[in-house]
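Below is one structure; the comments refer to it alone.
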Amino acid sequence: MTSRFSRRWVSCTHNGCQNSASQTAEHGVNPLSSTPGIDNRPAHAFPAALVAALREARHVVLLSGAGVSAESGVPTFRDAMTGLWSRFDPAELATPEAFERDPELVWGWYEWRRMRALQAQPNPAHLAIAGMSDHLPQLTLVTQNVDDLHERAGSDTVIHLHGSLHQPRCATCGRSHAFPDEMPNEPEGGRRLPPPRCTRCRGLIRPGVVWFGESLPEGAFYQAQEAAENCDLLISVGTSSLVYPAAGLPHLAKAHGSQLIQINPQPTNLDGHATWNVVGAAGQILPALVAAAWGSTRAQYHPGGLPACADDSQ
Ligand code: BJW
Ligand code: ZN
């Protein structure tokens, strides 16, 4: 069954309202938005089978990436104009070698990132994800994000594959370090800042994130793998699906019989493997998906109002 839908796009061009969910297309469009300049009515939305897959799922894995926090103002990594890697060199900032070479540069950059994350607020995507757990027998939330916006939206168990900006530790002995309560006040892009010293061994404190070439936290990755192997639906949201081993989780889930929903405004490597590709912003799509599956039980899921037609006749 899965392969029959493997190149299915959730796609709608409102003028004439051709729901092309059963067609193969180069790339789909946002099922909630109308054709720009032609019609402002919200277009109809998701294929019935997609909504049913969510409503009837026993165990959903939701894999989130930087795109989920983008609408909170936290920059992604690889978006062409706005992504961090369009302005900053990951080899100079996000590897253990970079920290060894220039700890002040790296620490200062991450203090700026931490400030941005602290200033941000959860958006409707984070809230909708937190709300999904009200309805599902089991939801495993796995994030590549290093902010705490899922937690602040009310998701109480979050598997962080790439660590956290808020949990620094000693680079020598691993002891955790507590930040002072005050909000950092850093200039755009950061500045050179000496990292604090470990109270136990005087080693340098490093950001608590996973850099390129480093292993993922073993327990976290093990739990994510186990969930992927045992879920019946995996929803991949706001990730370019480029960074491994996290990007392997949807493939693992599919190999174990799960269906895949991908939500992303841009094409990714996962497109050809997903059961459904929903093209659009997470903060629009996820609240509408929750509403389509269960009705909107929390006003904040979809502050802009519900789509006119949350289901179709398929
Ligand atoms: C929206 C949106 C909206 C925008 N709504 N969507 C196999 C093959 C090839 C390479 C490797 C491999 N296995 C391992 C590697 C090496 C490497 C890797 O994968 N490299 C690839 C880049 C090729 N992996 C590793 O090194 C990992 N470690 C490892 O494998 O250990 C074993 C090992 C040890 C020793 C030697 C060899 C192996 C560790 C990876 C750690 C990643 N770290 C980072 C930085 C974290 C710290 C920090 O924050 O600075 O994690 S990199 C960065 O990428 C960050 C992210 O979590 C990660 C994923 O990015 P994400 O979330 O997908 O963001 P983007 O920007 O890429 O995409 C955003 C998406 O959102 C886009 O698609 C937009 O369209 C979309 N979007 N607005 C919805 N409103
Ligand atoms: Zn130490």
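Even glycines carry a Cβ here, placed using N, Cα and C.
Per-residue pLDDT, averaged across the domain 'Deacetylase sirtuin-type' (36-305), gives 93. Marked as domain 'Deacetylase sirtuin-type' by TrEMBL: 36-305.
If you look up TrEMBL, you'll see Y110, R113 marked as substrate binding site. Secondary structure from DSSP puts Y110 (substrate binding site) in a helix.
The NAD(+) binding site annotation in TrEMBL covers Q144, N145, V146, D147, G238, T239, S240, N264, P265, Q266, A282. Take the CB of P265 (NAD(+) binding site) and look out to 10 A: across all protein chains shown you find 18 other CB atoms.
Per TrEMBL, active site, proton acceptor is recorded for H162. Under 8 Å, Cβ to Cβ, and six or more positions away along its own chain, H162 (active site, proton acceptor) finds Q144, N145, V146, V209, V210, L216, A246. Mapped onto three states, the DSSP output places H162 (active site, proton acceptor) in coil.
Look at TrEMBL and you will find C170, C173, C198, C201 tagged as Zn(2+) binding site. Take the CB of C198 (Zn(2+) binding site) and look out to 10 A: across all protein chains shown you find 20 other CB atoms.
Its Cβ taken as reference, G238 (NAD(+) binding site) is surrounded by 28 other Cβ atoms within 10 Å in the chains shown.
A simple Cβ count within 10 Å picks out one of the binding-site residues Q144, S240 as the most packed, and that one is Q144. Less than 6 Å separates the Cβ from ligand 2 in the case of C173, C201, drawn from the recorded positions H162, C173, C201 in sequence order. In this view, the densest Cβ surroundings among the binding-site residues C170, C201 belong to C170, judged by other Cβ atoms lying within 10 Å. If you take the C-beta of Y110 (substrate binding site) and look for same-chain residues 6 or more apart in sequence within under 8 angstroms, you find L165, G190, P207, V209. DSSP assigns V146 (NAD(+) binding site) to coil in the three-state reduction, placing it in neither a helix nor a strand.
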